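> Attaching a single structure in structure tokens format; questions to follow.
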Amino acid sequence: ECNKPQEAFGFEQAARDYTLRTFGEMADAFKSDYFNMPVHMVPTELVEKEFWRLVSTIEEDVTVEYGADIASKEFGSGFPVRGGKFKVRPEEEEYLDSGWNLNNMPVMEQSVLAHITADICGMKLPWLYVGMCFSSFCWHIEDHWSYSINYLHWGEPKTWYGAPGYAAEQLEDVMKKLAPELFESQPDLLHQLVTIMNPNTLMAHGVPVYRTNQCAGEFVITFPRAYHSGFNQGFNFAEAVNFCTVDWLPLGRQCVEHYRLLNRYCVFSHDEMICKMASKADVLDVVVASTVQKDMAIMIEEEKRLREKVDKLGVTDSERVTFELFPDDERQCLKCKTTCFMSAVYCPCKPGLLVCLYHAEDLCSCPTYKYKVGYRYTLEELYPMMNALKMRAESYNEWASNVNEALEAKINNKKSLISFKALIEESEMKKFPDNDLLRHLRLVTQDADKCASVAQQLLNGKRQTRYRSGGGKCQNQLTVNELRLFVRQLYALPCVLSQTPLLKDLLDRVEAFQQQSQKLLSEEMPSAAELQELLDVSFDFDVDLPQLAELRTRLEQARWLEDVHLASSDQNSLTLDDMRRLIDSGVGLAPYPAVEKAMAKLQELLTVSEHWDDKARNLIKARPRQSLSSLAAAVKELEEIPAYLPNGAALKDAVQKAKDWIQEVEALQVGGRVPVLDTLAELVTRGRSIPVHLDYLPRLEALVSEVQAWKECAANTFLCENSPYSLLEVLCPWCDIGMLSLKRKQKKLKEPVPSGKKKSTKLETLSDLERALSESKDTASAMATLGEARLREMEALRALRAANEVKVLSSEEDPELKVCLCQKEPAAPMIQCELCRGFFHTGCVSVPSILQGPRVWLCPHCHRSEKPPLEKILPLLASLQRIRVRLPEGDALRYMIERTVNWQHRAQQMLYSGNLKRIQDKVGSGLLYSRWQPSAGQLPETNKVSQTIGAMSFSMPHDWDNRTIYLHSPFSTGQHCIPLHVISTELDELMMEAQLLQVSLPEIQELYQTLFTKQSPALQPEQRSPGAPTSEKASCCRGKKDGMSYMERKLKRRFERETFCGEKRARVKKMRTPKKKKLKLSHSKDLCSNKLERERERLLELQRSSESHLVPSDMSFSEQEDSEDEDAICPALNCLQPEGEEVDWVQCDGSCNQWFHQVCVGISPEMAEKEDYICTSCTGKDSQYRK
């Protein structure tokens, strides 16, 4: 620490303590009051003038205060400090390690004070200064003549006065001359900062003095032994510290000698600092090592001389003393106050006191042989330390020699750039001085590095764009000449670059490119491929090439000429747009003879082509249309133009189409075959689209119009109003019978196929049939196709009728059974279609009124046309034959008439044969229609559907209207159909086909009237025929109290049986099922009569038991089981209850295995013997299963 007097001359310690704020308030108030103006308005010149006036005036006394020499270690620094009292803000972190931070500068690597371990206040640790107006610092130099640096953090300026270091002794002499009395008592007066003198006075005595005003944020540096003084303009805050560079070392030793003469204490031991630096010779900067070595050599010589002097005084006793472990005030020379480190002399008589070797005689009065010399190092130890410093300095010399050799090497001995960088790295690693040699080495290396970078860029560079607009030079590109000069520069560098030979090769290739470019450009018109190849080569050159612009221009011209040649080579591909595009692109090309010549030819061709294209368009759009001959002549001229004309091509196409069309029409006339309507319509449609006058077209249009008129007349004749069916659909056999429910999976009937004919193709839909008719070659093949469709129609209708009948004849209730158009469950009242035998709710369809009389009723699906009489149809056929055009509707009409005539022939044979009389008796018998006995209620008039359901054109007999009634069963109908089982297959097919014919024939009405001419006793319950039975058996057939029919009672008994418990019902089923056998009995009327009588009695007994709601006991079931073979019941719903000695039975070969009367199911004994029989119930189940 500093050992300064507490009370310095000319200064007093302030009696009051201030904070920074209170001191500032005091300072500003003083300056404002003194100058009678605001502090910021007082000029610095005025303050300076007034300050020196006050210094020179003895009469006036002005007292100011100065916060000087404030230790930053205690009160903090104005700079950011790690681990300080104040938190460093993020924006201030960069100043923590900055060299301009006064806390870092004294201990930086280049500062020798860094080798002093002690924290020297004021030298290694900054001091703070808080000044006010007129507060001053007197003339002084820094301790140990070191450098100083002062930073004004903020506040008003600080005015400085300084004299150079070389004028220090001159300044001291002037002051001693002007104030000798002060120096006599205090020789080190100038070191106490109490002496002030006007700079003008010093300058008057020849001392050079300089001044400056230090403002806030500025540094002021003083050099070694440079006297300086100054004062503050006002309230401010500054911070200062000392530092020492290597050039200070000689001055530092001189300062110690000067301090010894003045008996002034040292702040630190200079010799101690030198020895510490010598101990770290290997890491010292070479310049520092060299300087330290020189200073250490002086120190060793002086120490050797002094030790020899002490030896001569007779001091022989010595010992090693580690002086650095003692405090500085305990190892100061008693005489000169110098801090001892290398050696000292002390005497036992004065313990704790010592003197330096310079003042060994001034220690005490004791004999010198009693003295003892304390030494830190022996001389033998000091020389190796000095040699280490010398070697450190010599390494620099070796490095400098290598640098000079590298810089001056010849072309063959040049070193690489890497070697140059290695020398720089060595200098940095060994901390060689930054002298001219190192700076030159760095400059050369930087130039070589830049050249290497540019060379590599040129080697790697690609042209950024293939076609730069204007072809001008890029801003960063070198010209060929610049590239040539750059290659020369590379060879002139003191070092060798790896890119130099590569760049020389690049230069050679660029020069070769220029020569080839000149050769190509001298040709009349080089090919585009050659030009493009040359341009592709240039992409590897990141060099400005003036030939590129002309090469690109020639390339565009060559490509355009090639496009013109390519387009003209194929006449069919050269369009008007291609010519216009080529002309437009050619206009933008640079003038060139070959281009201008091709442009003229192209323009001429375009003019001619546009003229003929317009002419062709006008010929196509001409009205009236031009003849074929005139258009063919125009086409011949168009073929001579070497270009593709869209309207010309359209004209050629029209002429060709017209020729083809006429050829087809003439082929129809020559062939002798009747043309088909579709062919004619297609010809008319094509003929209308051809823009050529065609002589045949009006006649064909008239013929097609006549056919269309015939179709309209036929549609008016056959189709109902708002009919959903087409004319062809009505005239052709029905193709989609049962499509919604049967899906065409019924078993095919074995119809005989005419010999010589192949099996027909599938005709499942109307479109299939229409396509087959259209594809047929003649009328005969069309008739055959329609014949096949008829067979499929009859087959499908038989299956549909059987399936619909099964819905009523089924012995079990089916909850999923759906009927009618609405596809809902059966619900009375219902009506049955005569053709398809389907059941319909009377509320869902339109039914005939009773007032209209009994009629055959057809459902909306089966009623498909008006069924005109044959007299209206024959004129249609005659007109069709006059037209002589085949159409599907015409073929269908011919077939329908042929089918109608065939049916008439078969119907007449049936009417006039004896077979119809026998069938008539069956139809008229009471037993046949026992299930249709009348019940309460009549059929109301309804009209629930939008489609009108027409009735047949003939009326039924008068007794038929009694059958238009309701029944209580869901399947009880208000309109009866002829039962299928009472008529022969031939008559059934005849009557079924009668309803399929879309023609009204008198034979149909006659057939129905003949069947119902004989009235049945069952239909007239109050009038019995002679010989009719009056027994209980007959009354059973007629019904009792409520007029309930036998069919209803049977259905009721079936329902009641189903209500029995499962166990007893199972026993009944088990008992009745397995004992039937297929019996082949003789035809005995008596046996049949007796059997029928027993069946009637059994049915009556079952009815009475069901009415009394009694459950049969086990005994009754046993009795039934015993008599089952004798009193078996036929399960047919329309059982005829035959009686006689022998009754023929037949067993169902389906899934039910039940037994039926042969007469009840319409099976003869021969048929039962030869063929399998399947009941209607199993047929329906099988059909549903097959779905």
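Glycine residues also receive a Cβ, built from the backbone N, Cα and C atoms like all the rest.
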> Of the residue ranges 303-322, 463-482, 1103-1122, which one carries the region 'Disordered' annotation in TrEMBL?
1103-1122
> Looking at 1015-1039, 1065-1089, which one is region 'Disordered' according to TrEMBL?
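Of 1015-1039, 1065-1089, TrEMBL gives region 'Disordered' for 1015-1039.
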> What does DSSP give as the helix, strand and coil breakdown of the domain 'PHD-type' (817-865)?
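Helix/strand/coil tally for the domain 'PHD-type' (817-865): 3 helix, 9 strand, 37 coil.
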> Tally of helix, strand and coil residues over the domain 'PHD-type' (1127-1181) according to DSSP?
12 helix, 7 strand, 36 coil
